[in-house]
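Peer 1: I grabbed these lines from TrEMBL:
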- A:THR192: active site, nucleophile (ACT_SITE)
- A:THR155, A:LYS181, A:THR192, A:GLU275, A:ASN399, A:SER404: substrate binding site (BINDING)
Protein chains: 2
Amino acid sequence: MAVGELPLPEFYPIQGVRLGITSAGIKRVGRQDLVLIEAAAGSQIAATFTQNAFCAAPVQIAKKHWQTNTQGPLYLLINTGNANAGTGTQGLEDAMATCQGVAKLTQTPVESVLPFSTGVIGEPLPVEKILHALPQAYANLDAHQWVQAAQGIMTTDTRPKGASLCVQIDGQNVHLSGISKGAGMIQPNMATMLAFIATDAKLDAQILQKLHTRAVQKSFNRITVDSDTSTNDACILIASGQGAHLQSEAALQAFQQALETLQLALAQAIVRDGEGATKFVEVCVEQATTEQEALQVGFTVANSPLVKTALYACDANWGRILAAVGRAGVLNLDVNQIHIWLNDVCIVEAGARAASYTEEAGSQVMQQEEIKIRIALARGTVHASVWTSDLSHEYVSINADYRS
Amino acid sequence: MAVGELPLPEFYPIQGVRLGITSAGIKRVGRQDLVLIEAAAGSQIAATFTQNAFCAAPVQIAKKHWQTNTQGPLYLLINTGNANAGTGTQGLEDAMATCQGVAKLTQTPVESVLPFSTGVIGEPLPVEKILHALPQAYANLDAHQWVQAAQGIMTTDTRPKGASLCVQIDGQNVHLSGISKGAGMIQPNMATMLAFIATDAKLDAQILQKLHTRAVQKSFNRITVDSDTSTNDACILIASGQGAHLQSEAALQAFQQALETLQLALAQAIVRDGEGATKFVEVCVEQATTEQEALQVGFTVANSPLVKTALYACDANWGRILAAVGRAGVLNLDVNQIHIWLNDVCIVEAGARAASYTEEAGSQVMQQEEIKIRIALARGTVHASVWTSDLSHEYVSINADYRS
């Protein structure tokens, strides 16, 4: 299941960035499961990685290689079908072996290769299959294969996810293209699911990382499907530097905004395709004292199994929303000041059922596929949103059947 | 669904405590839904209440009355079918009206009456029905009606829950009897679901509260069905003082142990009857530096939807357990030291799949109804357990159908 239609966009190719796809037969024969992304010499890479203490072998190596300054082109190697997580020392050796395969093929130092894996946890990575398939991925590197790459990184996703933008900054066209994957084990924590984004803009490396981190905090770090943080999350931003050179404060702000728009689209695409999702829900918390407080309430509501099953049942069960707000751990919360809306229907005023509320109005909102739960805390002026899906029978079926 | 058989025990009557049951027709005509408990003059009452900021009207009034010193007998009035939560000022007035009904009937001050409600959130309490039924509950007060009272406080529970003990302390028999209810919206936070416990022991009031709070922390505060903390939780301990007078340190320790045993039995009975539960699971975290740390890891694993669906599927999915441990927020966790067992089968050693592990052995454990997940952190010497159930299709069905 997935919420609404969400076709892939027309991708703008990014000067200096090429993508190669092939089938290594990692989990299923014939499946396109191996993606190689090349960033030309001179590219900058910004990155965020999972904060899960059990971070997977490829994440550990990608982090290390990313921190090493190398000349020449950079390569991202991504496989699906196997997460290479919980695999101990062997896992690290296996991830390194695939990096060495790319290094040899491309005549670059091994530190130029960042590995990424997604799929089942705890199985040994089939290194031979990957090494065997690499030359084909390298041979078909092409700037126009974003669609194929989006398909090549899917796991339990029911559809590929991508976004692409062209914005005018300082009179020059700046292009951004990105792909993401993920449907379950989704509550990225200061990191994200797998997402790969590229731009042709030229930016100072430190500024690029700052803009990237800020955008991730406002997009991927505000979604949850099931409150579980993956071992393999990573979000990579390549700036090839072959296009507009952005330096002024105004230009950087414009770029930040474009980057946030793109990342939010990719993050929301993950929620819309959340495992078993039948609803796409924004939980917007207003009148909070701090962003942290707003997010705390937002995530408590978004992760409540009782709120999520009520959403699935199209039941305007405001009592469960109220109970979740009440247990979110906000100090000295005055519950008699709280207002809650479902889209435009006020369901709670001053901490109790709104006088104007009718079951019929609530029920009408709940029939919709996209719902906004708006919670006003009457404490301050800060607001923040998180995005989530519902908890359906299919979520249970998928995770009782699939071995992640 | 519920895990295993769990018949009610033979209840020891408690000198000084009587229970009356009747049908007020709150949600369904004919259902026994109103319970009155009388504690004779001289009784002490210890209590813990929900920490949910949206605590229900009856909880607010019960707290206030509990803090008032009154002479004479005390009364607990408990209704099921309606939680009187999220009902604003009207809810407070309604709860007070039922207290006044009891006060008038029993010729006691209104502060002697503590109200408790459980059931649907946000509906007005049918005060008239309750007032009409009260005389019958009062008329049939009897020390031998624990079974009927356990049935009279059920909501989505599939069976009544109770425990009863007689222990010898200082050569005297001390009796403890208790009942509890709850199946969903269960992660009591420094409080509990509805539970009513009585003893004939005589204890100093401050000591009684201290022993009660400690027992609650080790029992009701260590269970979770779905991570949601109810608006109406309360756990009440009545000491009628008509039996043994406990004063020595050794006597108090013996009483503390008996109380913990009883409360843990009641708390575990709630988990065994967790909504849609097919498994009863202990998550035992060992070698932690603090109890807080052990509980943090325990609850993260116990609340993970991915771990819970794997339990439902009888899938020994150690990768999901490992991922949950990794995101539990333990600072400087060395994942390469971690060991995990399912009952006696070692599944993870030194952070990766155990060499001795076979799918067959894992699968055999997972077929069982009762499973112990043991996680050794290799950081310290403290251990603590939490108890939980699995996440099944029936949990979704129950909560998509039932309006809590």
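Just so it is clear, glycine is given a Cβ too, placed from its N, Cα and C backbone atoms.
Just so you know, TrEMBL annotations never went through curation; they're auto-generated.
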Peer 1: Going through the binding-site residues A:THR155, A:GLU275, A:ASN399 in order, which have a C-beta under 8 angstroms from some C-beta of chain B?
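Peer 2: Qualifying residues, whose Cβ lies under 8 Å from chain B: A:ASN399.
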Peer 1: Within 10 Å of the Cβ of A:ASN399 (substrate binding site), how many other Cβ atoms are there?
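Peer 2: For A:ASN399 (substrate binding site), the count of other Cβ atoms within 10 Å is 29.
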Peer 1: Among all protein chains shown, how many Cβ atoms are found within 10 Å of the Cβ of A:LYS181 (substrate binding site), not counting that one?
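Peer 2: Around the Cβ of A:LYS181 (substrate binding site), 25 other Cβ atoms lie within 10 Å.
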Peer 1: Of A:THR155, A:GLU275, which of the binding-site residues has the most Cβ neighbours inside 10 Å?
Peer 2: A:GLU275
